[in-house]
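Undergrad: I'd like to ask you about the structure that follows.
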Amino acid sequence: MTQAFQVVIVGAGLSGLRAAREVHNAGLSYIVLEAMDRVGGKTLSVQVSEDNGIVDLGASWINDTSQSEIYKLAKEFGFDLVEQRTEGRSLYRDEKGEVHCIPFEMPANLEPEQLKEVDQFMQLLSEYAEKCDTGNPSDGPDATQLDSITVAEFIAGFNDPGASALVNSITRSLLGVESDEPSALFFLDILKRGTGLKNVISDFKDGAQYLRNRQGNQSFCDRLAAGLNAGSVKVSSAVKAIKQKDGEGCVVETIHGDVYRADKVIVSVPTPLYPLIHFDPSLPPAKKALSESAKSGYYTKTVLVYTEPWWHSAGLSGVYSSADGPVVFTHDTCVPQDGQYSITCFHAGDPGRKWSKLPTEARKKVVLQDIRAAFGTVVDTVPEPINVIEKDWTKDPWAQGGPGPVWRPGFLAGDSGNSIAEPFGNIHFVGTETASVWRGYMDGAVRSGIRGGQEAVAQLNIST
């Protein structure tokens, strides 16, 4: 039996559900189809224990200034926001395996003159990023040249080995890939859409890592879904085909054989997953090339839960970074109000991929060894965690990595790059990678959902 709606939304993450709210508020009929067995997409919040609070295994941070759309939702839903810990010194393991105790937010163990050079380089990088045209990537100065080389090749032009190591650590942490993988244009575009390099890497006010949600970020999606019509969100309903004909709207079919007719379809799945859906007719060549060339980075979290924040009394921030892994970097993810004390370890890029090939218990063992060795340079005894929680996003069939899609050279400076957010007939595309601001972040996801929902509503209003 075929059901008919004015709009079908494919995907119940932040962008899909925010698009659904636009459709709902316009009084249109709709249904949301989600492949996973839950709403939330790449937000996933879990209890650290039966009694002590929540931790995020997916998207983690927001801010209350430039990320205005996600912050607006946080205030609407009454969420308690916790400032990221920025007190204390951090730890850094260099290429030789030596651990250094360094000031917070210093990228490595640097002498004053080296730090000055890093600041100058980062300013130069920010100036390059500022030239990007986020509306049409191909229109920016030197766009074609920048899209023909990788980030590593771009940085090599500065003839500064220290800069190469620094930027590789940024692409690894930010995108889950090494600097020899993404297009230089894509990387600079990400920085521009994130309001600049300084904010992208900062844990302070205006920074990308400024605030965490005590209730967990999956609750954004839970609350958005709860505000929709009862029964309008169907989980475990992966879409396998979307067909459209001029003047006849669209037909959407799930892997279970459920069929839905719609005037409009809003697709809210990661771009690398478009090939899992059969589009009839096929996607335009530019958009198809963009989806087939996209890849997701390697990103896994291991959360270590403790009975107390023992690193606080040692004067440490909870931040530890390593040149070679297996733990690429850590953050303090405590929520003191709930007695939730944790350090979240991030495994990303090549070190993460290497670590992921180990058996489960071996992965846990090397993480604990890494943390024990690093923090043990400052504290006498590093206690055993009371719980260890791991989430490997590359093993999730409906995510296939994180935090978002990455493009190699040759696809953004041209029709493909400009097509990412363009509708195809009656099909509209949303997702954080389509956002003009904060691409790859929750705020970008929300903004894209608003845009896509309003597009569909406006066109339906015109047609009626």
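Cβ from N, Cα, C; glycine included.
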Undergrad: For the FAD site that TrEMBL assigns to S15, E34, A35, V239, which of E433, E455 is also named?
TA: E433
Undergrad: Taking every protein chain shown into account, which of the binding-site residues E34, E433 has the largest tally of Cβ atoms within 10 Å of its Cβ?
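TA: The most densely surrounded of these binding-site residues is E34.
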Undergrad: Widest Cα span across the FAD binders S15, E34, A35, V239, E433, in Å?
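TA: So the maximum pairwise Cα distance among the FAD binders is 20 Å.
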Undergrad: Return the residues near F346 (substrate binding site) by Cβ distance under 8 Å, restricted to its own chain and a separation of at least 6 in sequence.
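TA: Long-range Cβ contacts: S173, Y299, T300, K301, V327, V328, F329, T330, H331, G352.
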Undergrad: Please work out the mean pLDDT for the residues of the domain 'Amine oxidase' (14-451).
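TA: Mean per-residue confidence for the domain 'Amine oxidase' (14-451): 95 out of 100.
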Undergrad: Within 10 Å of the Cβ of V239 (FAD binding site), how many other Cβ atoms can be counted across all chains shown?
TA: 23
Undergrad: By a simple count of other Cβ atoms within 10 Å, which of S15, A35, the binding-site residues in the record, is least packed?
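TA: Result for the binding-site residues S15, A35: minimum number of other Cβ atoms within 10 Å at A35.
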